[in-house]
Amino acid sequence: MHNPRKTHPLIKIVNHTFIDLPTPSNISSWWNFGSLLGMCLIIQILTGLFLAMHYTADTTTAFSSVAHICRDVNYGWLIRYLHANGASLFFICIFLHIGRGLYYGSYMNTETWNIGVLLLFTVMATAFVGYVLPWGQMSFWGATVITNLLSAIPYIGTTLVEWIWGGFSVDKATLTRFFAFHFILPFVVAALTIIHLLFLHETGSNNPSGLNSDSDKIPFHPYYSIKDLLGFFIATLVLMLLVLFTPDLLGDPDNYTPANPLSTPPHIKPEWYFLFAYAILRSIPNKLGGVLALVASIMILALIPMLHTSCQRGLTFRPLTQTLFWILVTNLLTLTWIGGQPVEQPFIIIGQLASILYFLLITTFIPLAGLLENNLLKW
């Protein structure tokens with residue numbers, strides 16, 4: 001019998017990806033976040049497209065165009081806040097997705113993992129340039145501070161910064177190009193997502209036991225399509241609660257003041273999802289050192305497959321490493337808190353200790369715990 005679902009060149013790709021995909025029978029709700037990220041990306045691209053129809057990327061009108069969207073465009077306020085809080089939901093899902101990967105040893109699929117690290121960098125770049133667009137105080141000063149970090153690169157730094165700015169300061173040229181980047185990057189993210197899925201489906205999904213599940217696979221549809229639908233409803237509920245009740249909860253009040261190059265806000269800080277990296281950046285009193293630590297704090301994820309020392313894949317049956325994993329999680333929450341605090345004691349020393357512990361846990365303590373657990377298994 002001719003079944004287009006299995007024979008049509010395009011439909012069969014969808015079939016092998018979302019319908020007849022052999023999936024482990026025991027994956028938990030922690031495996032929902034991949035599809036949730038797909039949902040977030042679609043929400044962001046759609047709301048972003050409608051915002052771009054009304055936004056003007058010019059220093060004189062950018063701020064008022066965002067106000068115009070919220071006041072005069074039909075449901076413009078809803079689209080704007082869905083986009084702003086959708087970014088927060090996106091990062092919550094990303095952090096949980098990466099945390100799941102770390103806990104269950106999903107990073108052993110190295111190609112999938114490395115594309116994921118690349119995706120993280122791209123999404124972070126997208127969020128950064130997007131935050132500049134409303135042209136409020138925090139937009140302007142955030143752009144100034146973060147782009148200025150590139151001047152720490154020896155020899156070419158200053159030239160590079162002025163090239164990115166398109167002048168001698170963050171100005172009209174910077175805003176225009178950031179809008180261009182913010183428009184194109186989500187499509188780069190979408191392309192990388194397809195590659196991420198391609199590599200994942202070469203090996204198949206990992207599962208909570210960390211064992212090979214080839215002997216016990218079930219079709220993705222209807223089992224996990226229905227299960228993912230529950231995740232979609234919960235995530236949408238959380239997003240709508242944020243958007244409709246406390247739309248500015250995660251934003252910065254300073255961004256409701258139009259950008260003013262002559263007035264520096266008392267505390268320059270990025271959106272909450274960058275605070276952990278910002279705290280690591282600030283914990284080093286040297287500019288170049290801080291920039292290197294900032295990049296290393298994300299790039300270290302690419303080293304994790306090489307730092308795996310245990311005989312077992314996940315942490316399900318490894319209580320010692322489990323403890324270290326949760327210490328790492330609390331450490332990252334501490335860094336997030338510190339990133340939003342002013343640069344004064346005791347926050348400086350807490351940030352420095354948390355930064356040191358972050359790198360030590362990943363590069364030293366967790367690999368050593370893996371070796372110790374291997375030896376304990378021989379008793």
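Including glycine, each Cβ sits where the backbone N, Cα and C put it.
Feature annotations, courtesy of Swiss-Prot:
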BINDING   H83, H182  heme b b562 binding site
BINDING   H97, H196  heme b b566 binding site
BINDING   H201  ubiquinone binding site
TRANSMEM  33-53  transmembrane segment
TRANSMEM  77-98  transmembrane segment
TRANSMEM  113-133  transmembrane segment
TRANSMEM  178-198  transmembrane segment
TRANSMEM  226-246  transmembrane segment
TRANSMEM  288-308  transmembrane segment
TRANSMEM  320-340  transmembrane segment
TRANSMEM  347-367  transmembrane segment
Contact call for the transmembrane segment (178-198) and the transmembrane segment (320-340): at least 3 Cβ pairs under 8 Å, seq gap 6+: no
Binding-site residues listed as H196, H201, least Cβ neighbours within 10 Å: H201
Same-chain residue ranges lying at least 6 outside the transmembrane segment (320-340) that approach it to Cβ under 8 Å: 99, 102-103, 269-270, 272, 274-280, 282, 310, 347, 350-351, 354-355, 357-358, 361-362, 365-366, 369-370, 372-373
Pairwise Cα distance for H97 (heme b b566 binding site)/H201 (ubiquinone binding site) [Å, integer]: 17
Residue pair H182 (heme b b562 binding site), H196 (heme b b566 binding site) - Cα distance, angstrom, rounded: 21
For the transmembrane segment (113-133), sequence-distant contacts whose Cβ falls under 8 Å of one of its Cβ atoms, 6 or more beyond its ends: 55, 57, 62, 66, 87, 90-91, 94, 98, 101, 106-107, 139-140, 142-143, 146, 174-175, 178-179, 181-182, 185-186, 188-189, 192-193, 195-196, 199, 270-271, 273-274, 298-299, 301-302, 304-305
Cβ-Cβ distance under 8 Å to H83 (heme b b562 binding site), same chain, at least six residues away: Q44, T47, G48, L51
Local Cβ density at H97 (heme b b566 binding site) - other Cβ atoms counted within 10 Å: 21
